[in-house]
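S.K.: I have a structure here, written as structure tokens, and I will follow up with some questions on it.
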Amino acid sequence: MGTFKIYPGKLKGEVKIPPSKSMAHRGVICAALGDGISKIRNINYSDDIRATINAMRSLGAIITKEDEYLHIIGIKSEKCKKNIELNRTIDCNESGSTLRFLVPISCIFEGSSRFIGKGNLGKRPLDTYYEIFDNQGIKYSYKKGKLDLRIQGILKYGEFKLRGDISSQFISGMLFTLPLLEGDSKIIITTELESKGYIDLTLSAMSDFGIEIINNNYREFIIKGNQTYKSIDYRIEGDYSQAAFFLVADALKSEVFINDLKLESLQGDKEVIEILERMNMKIKNIDNSLLGIPRENLEATIIDGSQCPDIIPVISLAASLCNGRTEIINVGRLRIKECDRLSAVASELNKLGANIIEKEDSLIIDGVKTLKGGVKVWSHKDHRIAMMLAIASTVCMEPIILEDYECISKSYPEFFDDFKALGGNFHEWNLGE
């Protein structure tokens, strides 16, 4: 267990935002499903991305890390056709994306697949896939409370009815898979679709790799079978979910110029800009760098988090220091992330002096003038909680003690290097101090 003592103090300088984890998952998968050689550039080797890379290796792709790019020989190439393991084990580590994207993909190959992982991954629901398996006669078994899923059987093309309010990852997983089947398929969305931005990223990546899908207003998707993922040179853009931490730091009167973001991005987490602007912050594009310029006071607002769940922890920090009451609604899905993020946000920020009431599907946040600090807080072993608390420390009255900070390696291993380069003041802390 790693523990940091982090001191108050504003951040100042420039930061290059790491490449988008969401886009990297998609780029690696599309390239690995291809029939030739692809190069993925500007990729960050976080724990989650390593899990997806290793998963695609288990399915037969030959993937090599070069100095400037990730070199991928696709599964459909002649070189890889005999490379797939018939009885394969796919270790997803703690990556929900790896698990939910790869489960249906694994069902296009002969043999059996065993999915394992750690942390809270075994608690994330997979009922959507179990229903498909039951309908198609695919054999599977699992253990409750831990990830140990075994699957044997071939997925067949057809019509699939999926809920849109559980996780968009199920829809993306099926979208990746169905173009490779022999016949045509249709996905029908039976509820309101949450996290549309993630579906847009999936469709965009697949289009870049030559796959055609008809999107009928997110109510249904028409997928032609027998398609081929082409091999391309693919560059990953900067990650808005990570930029959100430094934009909120700017909202709290730091001065961080944020580089390497695509302004016309499809990322759903780009909504952080619109949310902060509603909170009375001005965001400027200065020589292709974003800088948040806070006005005198941040103002409360109502935030629908259904389309941007990953930025809700750090947005909750900003809301804690707004004038008035902020309501963050439609965020019940945050309870089944790396931890129960609604509970973690409320409990840890309240320790610092915030005033947050946790509801089943929402957070009610009454703004306070200052955060006191001077206490021990816990990341809940969740990367986004850890980084949010580090940003919170910059405006506390007293230092904080952050336990289990290493979980940042899941998405942003260099976070504390960047935090330090911007003037963040922290050191390892031992219980004896």
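Every residue number used here counts from 1 along the chain in the order it is shown.
Quick reminder: no glycine exception, Cβ is built from N, Cα and C everywhere.
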S.K.: Quick check on the annotation: Swiss-Prot has Lys21, Gly96, Arg124, Gln169, Arg341, Arg384 binding phosphoenolpyruvate, so which of Lys65, Lys196, Lys410, Lys420 does it put in that site too?
M.R.: Lys410
S.K.: Around the C-beta of Ser168 (3-phosphoshikimate binding site), how many further C-beta atoms are within 10 angstroms, looking at every protein chain?
M.R.: 27
S.K.: State the count of C-beta atoms found within 10 angstroms of the C-beta of Lys410 (phosphoenolpyruvate binding site), not counting that atom itself.
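M.R.: The Cβ of Lys410 (phosphoenolpyruvate binding site) has 23 Cβ neighbours within 10 Å.
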S.K.: In whole Å, could you give the widest CA to CA gap in the 3-phosphoshikimate site formed by Lys21, Ser22, Arg26, Ser167, Ser168, Gln169, Ser195, Asp310, Lys337?
M.R.: 19
S.K.: Including all protein chains displayed, how many Cβ atoms other than that of Arg124 (phosphoenolpyruvate binding site) lie within 10 Å of its Cβ?
M.R.: 18
S.K.: Just how many other Cβ atoms lie inside 10 Å of the Cβ on Arg26 (3-phosphoshikimate binding site)?
M.R.: 27
S.K.: Give me the Cα-Cα distance between Ser168 (3-phosphoshikimate binding site) and Asp310 (active site, proton acceptor), rounded to a whole Å.
M.R.: 13
S.K.: Consider the recorded positions Lys21, Arg26, Asp310, Lys337 and say which one has the Cα lying nearest the Cα of Lys410 (phosphoenolpyruvate binding site).
M.R.: Lys21
